[in-house]
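K.L.:
Let me begin by handing over the structure; questions about it come next.
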Amino acid sequence: MLWGIRLIRTGIMRAFGGSLRHVLGAITNGRIMSFGVGAGVTVFIQSSTATAMIIASLASKGLVGAPAALAVMLGADVGTSVAAQILSFDLSTASYGLIFVGFVIHSQSVDHVKRQIGRSILGLGMVLLALSLIRMSSAPLRDSALLVDLLTTLESEMLLTLFIVAVLTWLIHSSLAVVLLTASLYAAGVIQTEMGLLMILGANIGGTIPAIIATMNAEVEGQRVAMGNAVFKLTACLLVLPILHFKGDILIGYLGETHALINFHTVFNIFVAVLFLPWVGVFARLFERLIPATEQEGAERVVRYLDRDLLETPTLALASASRELNRIPEQIEEALLALKTAVLTDDLATVTIAMKNHANVAATLDALKFYLSDVTRGEISDNESDRAMNMVLLSANLGHVSELVLNAVTLCEARIRDQVRFSNEGRDELLPLIDIILQGLRHTLVSSLQGDSQVRKNINKQRKELDNLVEASWQAHFRRLSEGNPSAISTSGLHSELLRDFTRIFYHIHAASKVGI
C-alpha cells in the first residue's frame, strides 16, 4: 500500500508537478480560494504531506504569504480525507485491471506524461489490492490473545497511543496510508472504537512532522507555516480527546458503523478547518512573533534554490538548478571587481573578498553537482537528461573561471606583500582586459539560457578583442623590459602570469557560452 501511494504521488508530480506548483504558487491572500486549491491538489496527488511540503517550500522562498499557506494546509487536510473516502470503498475487483492497464501504459508509452499517468494508475491498483489483502489477512488477528492484550494496554494509555501512531506516520510519510490501515483493522474487528479513533488522531498529528523536518534548515517563513499546521492539529486533538474518552461509542453511532473511522477522519479535518480558517491571518502574525527571523550577521546562505522536495519532479528540479546557476556569475563578478582593485591599489581586503567568493562558488557548484546527480538518478526524459548534463558542463567552466580569478588575486596579493607596483603603462593594459572579462561573464548565461546567436557573436568578438590586447600587452611589456623600466622588471613574472590567466579565463567563458540549458 505504501509503495502504491508513492507511485500515485510520484506519477502525478512528475506528470503535472509544474502545473500543480504553479497553481499553488499563484495563490493570493483569499482564504477560501487557498483552502479550495489545497483540497483539490491533495485529492489529485493523494498526499497532504506532499502538498504541505510544497507549500512550505514556496513560503520559504516568499512566493506565498503565510495566511494563504496556512489556508492551503487546512485544505490539504480535508483533501486527504476525501481521498480516504474514495479509497475506503471495496474496489478490489477493479485492482487487477488497474494494475494491468497501469503497467501497460507505463511500460509501453514513449511520451513522458503518459508514462507517469500509467505509473499513477498502477499505484492506485496496488493500493486497492493492498486494502483487500489487509481485510483478508487481518480477520484472524481478532483471535490473537497477545494482540488483544497489547491493544487493551494501549487503550488505557491515550497519549502513548497518539505518540506511537504519530511516529509511525512520520516514518512512512503518509497519513493516508495509516488512516486506511486503521480503518481496515477496525472493520475486521481487530481494534476497538476508542483505539481506532485515537489512531486516526495520531495519524493526523504524525502527518505534520515531515513538513516540520523538511523546513528546519529553510527560511523562517516555511518553518512558521509547517509549525502552524502542527499547532492547529494538536489544538484540535486536545479539544477532541475528552469527547472520545467519554462519548466515543455514541460518536461512532452518528458516524455510521461501516466507514466510521474514515468519516471521523473527515469530520475531524473539517472541524480543524472551521475552527482555524477564519483566523489564519491572526495566527500568521502570532507565529511571526513566536518564530522570529534570526539575524545571520549579513551572511548569505550559500545555496538558495536547490529544493530537494522537487527531485521527484525533474522539470521543477532543473528549474531550481538553473536559478542557482544564475547566481554564480554574480559572485564571480564580485571577485573580478576585487581583482581590479588589487591591480589598482595595495588593499589586501580584496584578497579576503575574492577568497570568500570563491569558497561560496565552490560550495554552490559542489551542491549543484550532487543535486543534478540525484535528478538524473530518477526517471527523466531525454531532453531533461541532456539539460542536466549541460548544466554540469556549464558549472564546470564557471568553476574554472572562479579558480583562475582567485589565482590572479593571489598573484596580486604577493605583489602587495612584496611592496612592488605595476608600471603605469602595464596597469593601464591590464584593466581593459578585466573589463572585457566582466562583459563576457555577464553575457554567458544570457547566451546559455536564451541561445541568442547575437550574444554569442558578441562574446566571440570580445574574445578576439581580448586576444589582440593580450598580444599588444606582451609586446609593450617586452619593450619596457628592454628599456630597463624598474616597475616592469619587478613585476615581469606577475604581468606575464596575469596575461596567461586572463586568456584562460576567457577561454572558459567562451566555452560556457556555447552550452545551451
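Yeah, the Cβs are placed from backbone N, Cα and C, and that goes for glycine too.
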K.L.:
Taking 117-138, 359-380 as the choices, which stretch does TrEMBL tie to transmembrane segment?
P.N.:
117-138
K.L.:
How about long-range neighbours of the transmembrane segment (267-287): same chain, 6 or more residues beyond its ends, C-beta under 8 Å?
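P.N.:
Residues 31, 35, 65-68, 70-71, 74-75, 77-78, 80-81, 200-201, 204, 224, 227-228, 231-233, 235-236, 240, 255 contact the transmembrane segment (267-287) from elsewhere in the chain.
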K.L.:
Going along the chain, which residues at least six beyond the ends of the transmembrane segment (82-105) come within the CB cut-off of under 8 Å?
P.N.:
39, 42-43, 46, 114-115, 117-129, 131-132, 135, 176, 179-180, 183, 259, 262-263, 265-266
